[in-house]
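Copied over from TrEMBL:
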TRANSMEM  12-33  transmembrane segment
TRANSMEM  45-69  transmembrane segment
TRANSMEM  96-124  transmembrane segment
TRANSMEM  154-172  transmembrane segment
TRANSMEM  184-204  transmembrane segment
TRANSMEM  224-248  transmembrane segment
TRANSMEM  260-282  transmembrane segment
TRANSMEM  310-340  transmembrane segment
TRANSMEM  352-373  transmembrane segment
TRANSMEM  393-410  transmembrane segment
TRANSMEM  431-450  transmembrane segment
Amino acid sequence: MTDKTRSIHGEWSSRFAFILAATGSAVGLGNIWKFPYITGQNGGGAFVLVYLLCVAAIGIPIMIAEIMLGRRGRQSPINTMQTLAAEAKVDPRWGYLGWMGMIAGFLILAYYSVIAGWSMAYIFKAFFGGFFGTDAGEVKQMFDNLMASPIQQIFWHTVFMFITMQVVMRGVKGGLEKAVRFLMPALFVILIILVAYAMASGAYAQGIHFLFSPDFSKINADAILTAMGHAFFTLSLGMGAIMVYGSYLPGHVSIAKTTFYIAGADTAVALLAGIAIFPLVFANQLEVATGPGLIFQTLPLAFGHMSGGWLFGVLFFVLLFFAALTSSISLIEPAVAWLVENKNIDRQKACVWSGTACWGLGVAVVFSFNVWSGFKIFDKNLFELLDYLTANLMLPLGGLCIAVFAGWMMKQAHAEQELELPAQGFQAWQFLIKYVAPAAVFIVFLHVLGVL
Ligand code: PFF
Ligand code: NA
């Protein structure tokens, strides 16, 4: 189990395979569904700017650290952290970091699967011509009907969870690498087509203005926390997903370079999604702060009126489904890897156990959109609560701990040996991981608590 050169779970076939898998994990609902709606809820440009700063100054250095820790530990995040803590001769309780990540992944997947289920439901709505010639009111009604139906949502959530488990059971290598190779570029192309449509929509300038001209009066401590949390969420950081993917990475692959590719692709997809959606929001007099239904109430309008809209509509939701799938498998992988390592069960059983538990919580999330929508804790329904707890609190806290471990606990000679960077590059990373990233997360937390 402590073999340093290879993980017992296998290894990516190449550096390119790792980039695909990690990009698959990063690019998902976070970019296309979540980024636009939280940008709408938090006032636009200033929020986007804070998010981009967080990606650059916190996300990128922490991604480098997380991949590095994974590759050095070569096991599930819990065991990786325990092994590396022992190597660094520090408190074995660093293993708790792995535990928190595993739990966060579980909580995220519970609602992630429900939203992925929405996109599956929309594949069929698109296929049967449901968007054709619709107006904003009809599209909203279509979404409201889905929200009001526990049966439909549970059905799609179940299908999505089942497919996720099927893929994870087969191990990450078997087919997923190949699928992502085709799907990611295809998603990119459709987004560009949607951007082109948005440019012709009349409210293009207004959309761009909303996204890119910062108005800092619209931003408060909670918006800053959301932007920072989203930087972690969108890059799959702070919970061990990227760490466990890193543990399957062959040695002597440049971790820093791959990180730039992954973060670059992720950011590009999010911005393209925003540029495609906000002009439609303004052109149709929709509310920017609509919330989680935003893309489901805007994009069908575009598909319903553009030429080729039927085809693009079906393709778009198929690709969104695949983007969600390549992320969901990474959300459950830390738990599956740990169960296999510590509970002496095979991959199949580990998938069934963890998947079933996650499915159950997901059913409760479905109810939070209808029958339990009145049930609130801290003024949040279950979906909002899980989202806040994981993206805004657990992931940044996990990221903070990863930064402290990589920057202060582990021998810097070991970090240098793993990263194989030119001296200046290594120093830049070290500065960001030791000071900038931890301080930024800490200050934002204090700011939210009202201490600073
Ligand atoms: N990064 C994914 C997205 O943007 O949709 C979500 C995600 C995947 C978050 C894996 C966390 C994670 F570990
Ligand atoms: Na993302």
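Indices start at 1 and increase along the chain as displayed.
Any Cβ shown, glycine's included, is placed from N, Cα and C.
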(message) Can you work out whether the transmembrane segment (260-282) touches the transmembrane segment (45-69), with the criterion being 3+ CB pairs under 8 Å where the paired residues are 6 or more apart along the chain?
(response) yes
(message) Would you say the transmembrane segment (45-69) and the transmembrane segment (154-172) are touching, if the rule is that at least three C-beta pairs must lie under 8 angstroms and be 6 or more residues apart?
(response) no
(message) Contact between the transmembrane segment (224-248) and the transmembrane segment (431-450) is defined here as three or more C-beta pairs under 8 Å separated by at least 6 residues; is that satisfied?
(response) yes
(request) Using a Cβ-Cβ cut-off of under 8 Å, list the residues of the same chain that are 6+ residues beyond the ends of the transmembrane segment (45-69) and lie near it. (result) 22, 35, 38-39, 80-81, 84, 209-216, 218-219, 223-224, 226-228, 230-232, 234-235, 237-238, 240, 242-243, 245-246, 249, 255-256, 258-260, 262-263, 267, 274, 399, 402-403, 405-407, 410, 415, 418-419, 429, 432-433, 436-437, 440-441
(request) Could you name the stretch, out of 96-124, 184-204, 224-248, 310-340, 352-373, with the greatest number of CB pairs under 8 A to the transmembrane segment (393-410)? (result) 224-248
(request) Using a Cβ-Cβ cut-off of under 8 Å, list the residues of the same chain that are 6+ residues beyond the ends of the transmembrane segment (310-340) and lie near it. (result) 8-9, 21, 24-33, 75-79, 98, 101-102, 105-106, 108-109, 112-113, 115-116, 119-120, 122-123, 126-127, 129, 131-132, 160, 163-165, 167-168, 172, 176, 179-180, 183-184, 186-187, 190, 193-194, 236, 239-245, 247, 299-300, 303-304, 346-347, 349-351, 353-355, 358
